[in-house]
Amino acid sequence: MRIVVQKFGGTSVANLECMRKVMEKNKKILDQGIKLVVVLSAMSGETNRLLGLARQWSKNPDPWETDALVATGEQVSVALFAMLLKDNGIRARSLLGHQAEILTDCSAGRARILGINSERIMEYLEKHDVLVVAGFQGCDIRQRITTLGRGGSDTSAVAMAAALKAEMCEIFTDVDGVYTTDPNICPKARKIPRITYDEMLEMASMGAKVLQIRSVQFAKKYQVPVHVRSTFSDEPGTIVTKEEEGMEEAMVSSIAYDKDQARVTLMDVYDEPGVAANIFAPISDADIVVDMIVQNPSREGRTDMTFTVPRGDLDPTLKILERIKTEIGAPAVVHDAHVSKVSIIGVGMRNHSGVAAMAFTSLKNEGINILMISTSEIKISILLDEKYTELAVRTLHETFGLDRSDAT
Ligand code: ADP
Ligand code: ASP
Ligand code: MG
């Protein structure tokens, strides 16, 4: 049986007219005698609306009930879409996460897929031409509904494609591919026709939300060919694939940004063995992922420790620090929730020097102050005031010659 997985994001299922466009995309595959698994997101804006309701109802919404609540967004879109397909004579049915037997671990709000009952899906595919599966959700071993983190429908789709050994996983969205940077903030961004899993992984982990990180990890692990393309045009998009001979190793291939950042500084902590462990162990125990860390040189046995966390984790981080403040000798904790991280990515950076200097000079010329820097072999990340994000992205995009010459 030939199978293709197609995933459509929130803007692609925003209303009836959009859903009709989705159906046209489905028909092109069905006409070739191929069976389809269509993974849908909630209608655009719906997940945010539901999260807003949770915050109205509770100061500290229960994570399991929050998952049960936000998962309804996808329930609505799959039911409506399956209805539309059936009205058009297509043999279809909807499946929620637990009906598709998408088993996840037990972490509410950021669950990981552990397995999918592919035999059950194959049985359904014998009787139907299209299975409309709710993205972003699964079910844990205790029968609780779980969600996979923002953008999680991408991961549902790629995991489904891997489990079913589908020919292709097409990710339909509101842009027609993966660009050198977010085309919505940089009109001169260029579409990348083919990109390696590793480069896409780096872009996604630096904030390029066109694909959720976990979806790229799945795609790489199971060698799922992924095609990112637009619901609203027939243009070919971007193929995410394994490294092929002749693929360019550009010094800088893309610029990504992440506004979901907050910076915390612990002033004048003791500079002695164990202090960093005492700070970061309880933060990690609370499942908070610390990103950049900078420790200043010691002054009379004291130092400052600065680090970043996702913005949504700032409050719990501050609560933990309040608890351990005396133990680590920190008289003051300061924080800033209006920072963002801009990253310069390129596999070819390994063999070139001077990328950092070029980046810093171009930011200086725009009067942008750098708050923190971190580097790896193939990327440089710079923390800056959130209000400079777009300017910094466009400036760096131009500095590294990524601009499309014909765009204005
Ligand atoms: P969907 O709802 O379809 O999942 P998302 O909003 O999650 O769509 O992802 C698509 C968005 O990703 C685009 O509208 C674009 O603003 C953003 N984006 C960020 N970086 C990139 C990039 N490098 N290439 C393409 N899109 C990007
Ligand atoms: N609806 C979820 C979100 O808004 C999942 C997704 O769209 O991928 O994050
Ligand atoms: Mg998305």
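A Cβ is built for glycine as well, from the same backbone N, Cα and C atoms used for every other residue.
Here Thr173 (ATP binding site) comes close to Phe8, Gly9, Thr11, Ser12, Val210, Val228, Arg229, Ser230, Thr231: these same-chain residues lie at least six apart in sequence, with C-beta atoms under 8 angstroms from its C-beta. According to DSSP, Thr173 (ATP binding site) sits within a strand segment. As annotated by TrEMBL, ATP binding site applies to Lys7, Phe8, Gly9, Gly10, Thr173, Asp174, Tyr179, Lys209, Val210.
For Thr47 (substrate binding site), the same-chain residues lying six or more positions away in sequence with a CB closer than 8 A to its CB are Gly10, Ser41, Val70, Gly73, Phe136, Arg150. The substrate binding site annotation in TrEMBL covers Thr47, Glu74.
Residue counts for the domain 'ACT' (264-347) under DSSP (helix as H, G, I; strand as E, B; rest coil) come to 30 helix, 33 strand, 21 coil. Taken from TrEMBL, the feature domain 'ACT' applies to 264-347.
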Of Lys7, Gly9, Glu74, Val210, the binding-site residues listed, which put a C-beta under 6 Å from ligand 3? Please answer none if none do. Gly9
So if I take the binding-site residues (Lys7, Thr47, Thr173, Tyr179, Val210) and measure from each Cβ to the nearest atom of ligand 2, which come out below 6 Å? Thr47
Check the binding-site residues Lys7, Gly9, Thr47, Thr173 for any whose Cβ is under 6 angstroms from an atom of ligand 1, and report them in sequence order. Gly9, Thr173
Could you say whether, by DSSP, Thr47 (substrate binding site) belongs to a helix, a strand or a coil region? helix
Cα-Cα distance linking Glu74 (substrate binding site) and Lys7 (ATP binding site), given in Å to the nearest integer: 12
Provide the three-state secondary structure of Val210 (ATP binding site) computed with DSSP. coil
Inter-residue C-alpha distance, Tyr179 (ATP binding site) and Glu74 (substrate binding site) (nearest angstrom): 27
